[in-house]
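Lifted from TrEMBL, the feature list:
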type     : residues                                                      : note
BINDING  : S7, H63, G139, F140, G141, G142, D168, G169, G170, G190, T191 : substrate binding site
BINDING  : H30, D32, H63, D168                                           : divalent metal cation binding site
ACT_SITE : D32                                                           : active site, proton acceptor
ACT_SITE : D168                                                          : active site, proton donor
Amino acid sequence: MVYIAPSLLAADFSRLAEEVGRIERADMLHVDVMDGHFVPNLSIGPAVVEALRKKTKLPFDVHLMMEEPLAYIGVFRQAGADIITFHIECQDQPQAVIAAIKASGARAGVAISPKTPAEAIGPWGEDLSQITVMTVEPGFGGQSMMLDMLPKVYKLRARFPQALVEVDGGVNLETAPLCKAAGANILVAGTSVFRAQDPYLEMRCLAM
Ligand code: DX5
Ligand code: ZN
């Protein structure tokens, strides 16, 4: 059983509500938040999350690619985030960020960029609901998956059995089976789902 999380980054931003309607049967909506510092790009902020919250019942999996996520936990939770993921490479202390996410009532996740080893997640990883293995350099959609990241997936599954392991970047019909074989529980898929003629069929095939 694998969950599919379409990434909003690949949607047509001129008609977001309709785009979310096309993937209503997904398991969750992945929302990429970029601050222009942690990654060289800007994307979606809390106002968009709040507006979309009124349009769908899908759980929101909010991926904070931010230098200082701690200051924004409350505002994203308020806007409707169900799961909040921050990067281990950020400036804030992981324990403090996890505590703030949990205190807000959201589920906590951590993401690790390609250059960061799985071992960088300390014993505090036991407090997480989700661990995201980045299979592209964060910042942009539509990149090719770095397959050499997949061993991190099975290492983390074995070390933190309470957490779901998510793969983010370059998931498509070719790479999804490899992610599943490595033990991934959640597949983030932007380009492959939103640019598919039939997103529902694409999601079914990715999950198979
Ligand atoms: C990259 C983002 C990903 C990305 C995935 O910084 O975290 O979620 O949008 O997009 P695709 O599926 O197109 O690689
Ligand atoms: Zn993401």
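Cβ from N, Cα, C; glycine included.
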Are there any residues in the same chain, six or more apart in sequence, whose C-beta is under 8 angstroms from the C-beta of D32 (divalent metal cation binding site), and if so which?
S7, L8, L9, S43, I44, H63, M65, G141
Out of S7, T191, which of the binding-site residues is least crowded by other Cβ atoms within 10 Å?
T191
Helix, strand or coil at S7 (substrate binding site) [DSSP, three-state]:
strand
With a radius of 8 angstroms around the mean position of the C-beta atoms of S7, H63, G139, F140, G141, G142, D168, G169, G170, G190, T191, what other residues of the same chain does the substrate site pick up?
L9, A10, D32, V136, Q143, V188
Starting from the Cβ centroid of H30, D32, H63, D168, the recorded divalent metal cation site, name every other residue in that chain with its Cβ within 8 Å, sequence order please.
A5, S7, L9, V31, D61, V62, T85, A111, T132, V188, G190
Under 8 Å by Cβ from G139 (substrate binding site), same chain, sequence gap 6 or more:
M34, V39, P40, N41, M65
Looking at the binding-site residues D32, G139, D168, G170, which have a C-beta within less than 6 Å of some atom in ligand 2?
D32, D168
Other CB atoms, at most 10 A from the CB of H30 (divalent metal cation binding site):
28
My understanding is the cutoff is Cβ-Cβ under 8 Å with a sequence separation of 6 or more in the same chain; which residues meet that for D168 (substrate binding site)?
S7, H30, H63, A111, T132, V133, M134, T135, V136, P138, V188
